[in-house]
Each structure stands twice: as structure tokens, then as C-alpha cells.
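Here is the structure we will look at.
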Amino acid sequence: MAKMSVVAAALLALLVLGQATAFRTTVTTTLEEEQEENPRGRSEQQCREQMERQQQLNHCRMYLRQQMEESPYQNPRPLRRGEEPHLDECCEQLERMDEMCRCEGLRMMLRRQREEMELQGEQMQRIMRKAENLLSRCNLSPQRCPMGGYTAWL
């Protein structure tokens, strides 16, 4: 009877230990997945480094600046790679960035552009719309980068 109690206690201890290990593994896996999906946190540094390597998306900035100089009343035609100055180079810079950093990179570039050009009101809304759709013009994922409302940039 004493042997049976010892065996039962040992099995119970193994069962509890096994459950604790499985729980810890699940929690660790969940945290790692959240970090991979979230471009903020430690991945934000990676995005900044990629922006540096891609010269702060300078060709995208030049492309958007050129777009702002055109009349907003012109009949817009679909833009494709190879048809617009700086668009090809912008697409190449975005292509060399990780997919999870592309939208954040465009937001960083747009903040800088806003400061340089002192954009506000309708101009800011216009450049935001163009930046939101830049990845689809480059045929890259994600196809669209929401930039938030105009008030988010004030």
C-alpha cells in the first residue's frame, strides 16, 4: 500500500510538472507571435534601420513632392512603374524593405515630408491619399497603408 502511495504521488508530481511546462511554452509562443506581428516595440528599431538603408525613402519623398506640384484638378491616370520620375526608384526602395516595415516607413517619410514642406489642410490630405496607395502602384504588399485621419497628423 505504501508503494502504491509513492507511485501515485510521483505520477501526480509528473503530471503537475508537465502541465506547468506546457503552459509556459504556450505563453512564450504567444508572446513571440505577438512580437512578430507587431511592427512596434523591438521591430520598430528594425524599421528605422531599414529606412536608413533606403535613404529615408528619398525617392518616394521626391515622387510625392512632384505629385503635389501637379494640379489637383488634372484628370489622374493610372500610374505604373516606369512611367513617372522617381516612382521606379521609390518602388525599389520599398521592395527592399520588409513587408511589415513598409507602411511604417511610409508614415515616417510622410512625417518628414510634412515638416519639410510645411503641409497642412487640403495639401496634407492629398499627399496622405497618394502615400496610402503607393504600395499598390508598386504592386507590393500590403496593397494599402492607412495613414489615419488628418487630425492624427496635427
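Please read every residue number as a count from 1 along the shown chain.
A Cβ is built for glycine as well, from the same backbone N, Cα and C atoms used for every other residue.
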Disulfide-wise, see what Swiss-Prot says Cys103 is paired with, picking from Cys60, Cys138, Cys145. Cys145
Swiss-Prot pairs Cys138 with one of Cys90, Cys91 in a disulfide bond, so which one is it? Cys91
Which whole-number value in Å describes the distance between the Cα atoms of Cys91 (disulfide bond) and Cys145 (disulfide bond)? 14
